[in-house]
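Features of the protein shown, as given by Swiss-Prot:
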type: ACT_SITE; residues: 14; note: active site
type: BINDING; residues: 98, 99, 100, 101, 102, 103, 104, 105, 106, 107, 108; note: ATP binding site
type: ACT_SITE; residues: 140; note: active site
(Lines of atoms letter the chains of each structure in order from A and count residues from 1; the text may use other names and numbers.)
(Lines give C-alpha, C1' and ligand atoms only; values in the text may rest on other atoms or scores of the structure.)
Protein backbone atom coordinates (compact mmCIF):
# COMPACT_ATOMS: atom_id res chain seq x y z
CA UNK A 1 0.00 0.00 0.00
CA UNK A 2 3.03 2.30 0.24
CA UNK A 3 2.70 5.65 -1.53
CA UNK A 4 -0.81 4.82 -2.73
CA UNK A 5 -3.62 7.18 -1.79
CA UNK A 6 -6.55 5.61 0.03
CA UNK A 7 -9.44 8.04 -0.24
CA UNK A 8 -12.76 8.78 1.37
CA UNK A 9 -12.64 7.28 4.87
CA UNK A 10 -15.70 8.65 6.72
CA UNK A 11 -15.60 9.85 10.31
CA UNK A 12 -19.35 10.08 10.97
CA UNK A 13 -21.03 12.16 13.62
CA UNK A 14 -23.05 10.56 16.40
CA UNK A 15 -26.07 11.62 18.38
CA UNK A 16 -26.83 10.78 21.99
CA UNK A 17 -30.50 9.84 21.66
CA UNK A 18 -30.68 9.94 25.45
CA UNK A 19 -28.11 10.74 28.13
CA UNK A 20 -28.66 10.02 31.82
CA UNK A 21 -26.17 10.94 34.55
CA UNK A 22 -26.46 8.39 37.37
CA UNK A 23 -23.79 9.52 39.84
CA UNK A 24 -20.27 10.85 40.24
CA UNK A 25 -17.71 8.31 41.37
CA UNK A 26 -14.97 8.96 43.92
CA UNK A 27 -12.41 9.21 41.09
CA UNK A 28 -14.38 12.12 39.59
CA UNK A 29 -15.75 10.21 36.60
CA UNK A 30 -19.50 10.07 36.07
CA UNK A 31 -21.57 6.92 35.67
CA UNK A 32 -23.80 7.38 32.62
CA UNK A 33 -26.42 5.58 30.60
CA UNK A 34 -26.65 6.72 26.99
CA UNK A 35 -27.70 5.60 23.52
CA UNK A 36 -25.43 6.36 20.55
CA UNK A 37 -26.59 6.41 16.94
CA UNK A 38 -24.50 7.37 13.91
CA UNK A 39 -25.67 9.82 11.27
CA UNK A 40 -24.87 10.14 7.57
CA UNK A 41 -22.77 13.28 7.94
CA UNK A 42 -19.20 13.69 9.10
CA UNK A 43 -15.58 14.42 8.39
CA UNK A 44 -13.60 12.66 5.65
CA UNK A 45 -10.01 11.41 5.86
CA UNK A 46 -7.58 10.39 3.11
CA UNK A 47 -4.40 8.41 3.77
CA UNK A 48 -1.09 7.76 2.04
CA UNK A 49 1.08 5.07 3.61
CA UNK A 50 4.80 5.86 3.82
CA UNK A 51 7.81 3.72 4.71
CA UNK A 52 9.73 6.20 6.86
CA UNK A 53 7.58 6.12 10.02
CA UNK A 54 6.73 9.83 9.81
CA UNK A 55 3.22 11.13 10.49
CA UNK A 56 1.93 14.26 8.76
CA UNK A 57 -1.53 15.80 8.93
CA UNK A 58 -3.04 18.30 6.49
CA UNK A 59 -6.45 19.90 6.91
CA UNK A 60 -8.86 22.43 5.49
CA UNK A 61 -8.85 23.98 8.99
CA UNK A 62 -5.41 25.24 9.99
CA UNK A 63 -5.71 25.11 13.77
CA UNK A 64 -6.52 21.39 13.69
CA UNK A 65 -3.10 20.71 12.18
CA UNK A 66 -1.24 23.17 14.38
CA UNK A 67 -2.35 21.35 17.53
CA UNK A 68 0.36 18.80 18.35
CA UNK A 69 -2.15 17.15 20.69
CA UNK A 70 -4.45 16.39 17.75
CA UNK A 71 -6.37 13.17 18.29
CA UNK A 72 -5.69 11.91 14.76
CA UNK A 73 -1.92 12.12 15.18
CA UNK A 74 -2.15 10.69 18.70
CA UNK A 75 -4.19 7.76 17.36
CA UNK A 76 -1.67 7.04 14.60
CA UNK A 77 1.22 7.27 17.08
CA UNK A 78 -0.51 4.91 19.50
CA UNK A 79 -1.02 2.35 16.74
CA UNK A 80 2.64 2.64 15.73
CA UNK A 81 3.77 2.10 19.32
CA UNK A 82 1.36 -0.78 19.96
CA UNK A 83 2.32 -2.70 16.80
CA UNK A 84 5.97 -1.62 16.34
CA UNK A 85 5.28 -0.98 12.66
CA UNK A 86 7.90 0.99 10.77
CA UNK A 87 5.29 2.47 8.46
CA UNK A 88 4.08 6.04 8.57
CA UNK A 89 1.31 8.02 6.94
CA UNK A 90 0.37 11.31 5.37
CA UNK A 91 -3.20 12.17 6.33
CA UNK A 92 -5.64 14.70 4.88
CA UNK A 93 -8.62 15.79 6.99
CA UNK A 94 -11.68 17.37 5.40
CA UNK A 95 -13.23 18.86 8.54
CA UNK A 96 -17.00 19.21 8.23
CA UNK A 97 -18.17 18.70 11.81
CA UNK A 98 -18.12 21.47 14.42
CA UNK A 99 -15.63 21.17 17.26
CA UNK A 100 -17.16 21.06 20.72
CA UNK A 101 -20.60 20.30 19.34
CA UNK A 102 -21.41 17.10 21.21
CA UNK A 103 -21.51 15.05 18.01
CA UNK A 104 -18.18 13.32 18.41
CA UNK A 105 -16.05 14.95 15.72
CA UNK A 106 -12.62 14.49 17.33
CA UNK A 107 -13.41 11.02 18.69
CA UNK A 108 -14.73 9.88 15.32
CA UNK A 109 -11.62 11.20 13.53
CA UNK A 110 -9.41 9.23 15.93
CA UNK A 111 -11.44 6.04 15.45
CA UNK A 112 -11.33 6.33 11.66
CA UNK A 113 -7.58 6.85 11.82
CA UNK A 114 -7.12 3.68 13.91
CA UNK A 115 -9.44 1.57 11.73
CA UNK A 116 -7.98 2.81 8.44
CA UNK A 117 -4.30 2.59 9.36
CA UNK A 118 -4.75 -0.83 10.99
CA UNK A 119 -6.03 -1.99 7.59
CA UNK A 120 -3.59 -0.04 5.41
CA UNK A 121 -0.52 -0.82 7.54
CA UNK A 122 -1.72 -4.44 7.82
CA UNK A 123 -1.07 -4.42 11.57
CA UNK A 124 -3.94 -6.88 12.18
CA UNK A 125 -5.18 -5.67 15.57
CA UNK A 126 -8.64 -6.97 16.48
CA UNK A 127 -11.58 -4.61 16.90
CA UNK A 128 -11.38 -5.09 20.69
CA UNK A 129 -7.68 -4.22 20.69
CA UNK A 130 -8.36 -1.09 18.65
CA UNK A 131 -11.17 -0.12 21.03
CA UNK A 132 -8.77 -0.49 23.96
CA UNK A 133 -6.33 1.87 22.23
CA UNK A 134 -9.20 4.22 21.47
CA UNK A 135 -10.31 4.39 25.10
CA UNK A 136 -6.94 5.95 25.95
CA UNK A 137 -7.86 8.80 23.56
CA UNK A 138 -11.42 9.40 24.75
CA UNK A 139 -14.46 7.69 26.23
CA UNK A 140 -16.47 7.92 22.98
CA UNK A 141 -13.77 6.54 20.66
CA UNK A 142 -14.65 2.83 21.23
CA UNK A 143 -18.23 3.50 20.06
CA UNK A 144 -16.93 4.70 16.70
CA UNK A 145 -14.51 1.77 16.46
CA UNK A 146 -17.31 -0.67 17.30
CA UNK A 147 -19.23 0.71 14.31
CA UNK A 148 -22.76 -0.11 15.47
CA UNK A 149 -25.37 1.90 17.34
CA UNK A 150 -24.93 1.08 21.00
CA UNK A 151 -26.25 1.52 24.51
CA UNK A 152 -23.37 2.52 26.78
CA UNK A 153 -23.14 2.64 30.54
CA UNK A 154 -20.51 3.05 33.22
CA UNK A 155 -18.09 5.72 32.02
CA UNK A 156 -19.02 4.72 28.47
CA UNK A 157 -16.87 1.62 28.15
CA UNK A 158 -19.62 -1.03 28.38
CA UNK A 159 -21.38 -1.30 25.00
CA UNK A 160 -24.49 -3.25 24.01
CA UNK A 161 -25.58 -3.26 20.37
CA UNK A 162 -29.07 -1.82 19.82
CA UNK A 163 -31.06 -0.78 16.74
CA UNK A 164 -33.14 2.33 17.43
CA UNK A 165 -35.38 3.72 14.71
CA UNK A 166 -33.42 5.44 11.93
CA UNK A 167 -35.08 8.86 11.77
CA UNK A 168 -34.11 11.76 9.57
CA UNK A 169 -32.57 14.49 11.72
CA UNK A 170 -32.21 18.22 11.42
CA UNK A 171 -29.06 19.01 13.40
CA UNK A 172 -28.50 22.64 14.38
CA UNK A 173 -25.11 24.04 15.38
CA UNK A 174 -25.26 27.00 17.81
CA UNK A 175 -22.30 29.35 17.45
CA UNK A 176 -20.81 28.52 20.84
CA UNK A 177 -18.34 25.99 22.23
CA UNK A 178 -19.62 24.10 25.29
CA UNK A 179 -16.90 22.67 27.54
CA UNK A 180 -17.76 19.09 28.51
CA UNK A 181 -15.46 19.32 31.54
CA UNK A 182 -17.19 22.48 32.78
CA UNK A 183 -20.64 20.93 32.48
CA UNK A 184 -19.66 17.78 34.36
CA UNK A 185 -17.96 19.86 37.08
CA UNK A 186 -20.93 22.20 37.50
CA UNK A 187 -22.60 21.73 40.91
CA UNK A 188 -26.03 22.25 39.31
CA UNK A 189 -25.75 19.22 37.01
CA UNK A 190 -28.28 16.55 38.09
CA UNK A 191 -26.39 13.39 39.01
CA UNK A 192 -29.06 11.19 40.53
CA UNK A 193 -31.05 9.69 37.66
CA UNK A 194 -31.82 6.09 38.71
CA UNK A 195 -30.21 3.37 36.63
CA UNK A 196 -32.78 1.51 34.55
CA UNK A 197 -32.58 -1.71 32.57
CA UNK A 198 -32.23 -1.39 28.82
CA UNK A 199 -35.81 -2.42 28.00
CA UNK A 200 -37.18 0.26 30.32
CA UNK A 201 -34.87 2.89 28.87
CA UNK A 202 -35.78 2.05 25.28
CA UNK A 203 -39.51 2.33 25.99
CA UNK A 204 -39.37 5.51 28.14
CA UNK A 205 -39.46 9.09 26.83
CA UNK A 206 -35.88 10.07 25.98
CA UNK A 207 -34.10 13.05 27.49
CA UNK A 208 -30.66 14.51 28.11
CA UNK A 209 -29.77 15.23 31.74
CA UNK A 210 -27.24 17.90 30.67
CA UNK A 211 -29.73 19.87 28.59
CA UNK A 212 -31.40 21.99 31.27
CA UNK A 213 -28.06 23.17 32.66
CA UNK A 214 -26.55 23.93 29.23
CA UNK A 215 -29.67 25.86 28.19
CA UNK A 216 -29.32 27.99 31.35
CA UNK A 217 -25.63 28.64 30.84
CA UNK A 218 -25.67 29.16 27.06
CA UNK A 219 -28.49 31.37 25.68
CA UNK A 220 -27.52 30.48 22.08
CA UNK A 221 -28.36 26.82 22.76
CA UNK A 222 -31.66 27.81 24.38
CA UNK A 223 -32.69 29.96 21.40
CA UNK A 224 -31.77 27.27 18.88
CA UNK A 225 -33.66 24.58 20.77
CA UNK A 226 -36.70 26.84 21.18
CA UNK A 227 -36.79 27.34 17.40
CA UNK A 228 -36.33 23.66 16.51
CA UNK A 229 -38.89 22.29 18.96
CA UNK A 230 -41.62 24.11 17.01
CA UNK A 231 -40.96 21.72 14.10
CA UNK A 232 -40.22 18.35 15.71
CA UNK A 233 -39.42 16.50 18.95
CA UNK A 234 -36.00 17.95 19.75
CA UNK A 235 -33.23 17.75 22.30
CA UNK A 236 -29.52 18.28 22.80
CA UNK A 237 -26.80 15.72 22.04
CA UNK A 238 -23.95 15.09 24.47
CA UNK A 239 -23.11 18.20 26.44
CA UNK A 240 -24.02 20.35 23.43
CA UNK A 241 -23.93 22.66 21.77
CA UNK A 242 -25.64 20.80 18.90
CA UNK A 243 -29.36 20.04 19.07
CA UNK A 244 -31.41 17.77 16.84
CA UNK A 245 -35.01 17.28 15.76
CA UNK A 246 -36.51 13.94 14.64
CA UNK A 247 -38.44 13.67 11.38
CA UNK A 248 -40.11 10.68 9.73
CA UNK A 249 -39.30 11.86 6.19
CA UNK A 250 -36.28 13.55 4.63
CA UNK A 251 -38.48 16.16 2.97
CA UNK A 252 -39.95 17.22 6.33
CA UNK A 253 -36.45 17.83 7.68
CA UNK A 254 -35.45 19.71 4.52
CA UNK A 255 -38.58 21.86 4.73
CA UNK A 256 -37.72 22.83 8.31
CA UNK A 257 -34.12 23.57 7.30
CA UNK A 258 -35.43 25.90 4.58
CA UNK A 259 -37.14 27.97 7.31
CA UNK A 260 -33.94 28.30 9.36
CA UNK A 261 -33.20 31.92 10.34
CA UNK A 262 -30.09 33.38 8.71
CA UNK A 263 -28.28 33.58 12.07
CA UNK A 264 -28.50 29.79 12.59
CA UNK A 265 -26.71 26.94 10.82
CA UNK A 266 -27.57 23.28 10.45
CA UNK A 267 -27.77 20.23 8.22
CA UNK A 268 -30.04 17.27 7.49
CA UNK A 269 -28.75 13.72 8.01
CA UNK A 270 -30.13 10.19 8.26
CA UNK A 271 -29.76 8.14 11.41
CA UNK A 272 -27.92 4.91 10.70
CA UNK A 273 -27.29 1.95 12.98
CA UNK A 274 -24.26 0.83 10.96
CA UNK A 275 -21.43 3.34 10.73
CA UNK A 276 -20.57 4.59 7.23
CA UNK A 277 -17.00 3.65 8.18
CA UNK A 278 -18.00 -0.04 8.11
CA UNK A 279 -19.11 0.31 4.49
CA UNK A 280 -15.78 1.93 3.53
CA UNK A 281 -13.80 -0.81 5.29
CA UNK A 282 -15.73 -3.45 3.36
CA UNK A 283 -14.46 -1.95 0.08
CA UNK A 284 -10.83 -2.95 0.77
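Glycine is no exception: its Cβ is also placed from the backbone N, Cα and C atoms.
Looking at residue 140 (active site) and residue 104 (ATP binding site), their Cα atoms lie 7 Å from each other.
If you measure from the Cα atom of residue 104 (ATP binding site) to that of residue 14 (active site), you get 6 Å. Neighbour density around each Cβ, counted as other Cβ atoms within 10 Å, peaks among the binding-site residues 98, 104 at 104.
Cβ atoms within 8 Å of the centroid of the Cβ atoms of 98, 99, 100, 101, 102, 103, 104, 105, 106, 107, 108 (the ATP site) belong to the same-chain residues 13, 97, 238, site residues excluded. Counting only the Cα atoms, the space from residue 106 (ATP binding site) to residue 14 (active site) is about 11 angstrom. Its Cβ placed at the centre, residue 100 (ATP binding site) has 17 other Cβ atoms within 10 Å. Neighbour density at the Cβ, taken as the number of other Cβ atoms within 10 Å, is lowest among the binding-site residues 102, 106 for 106.
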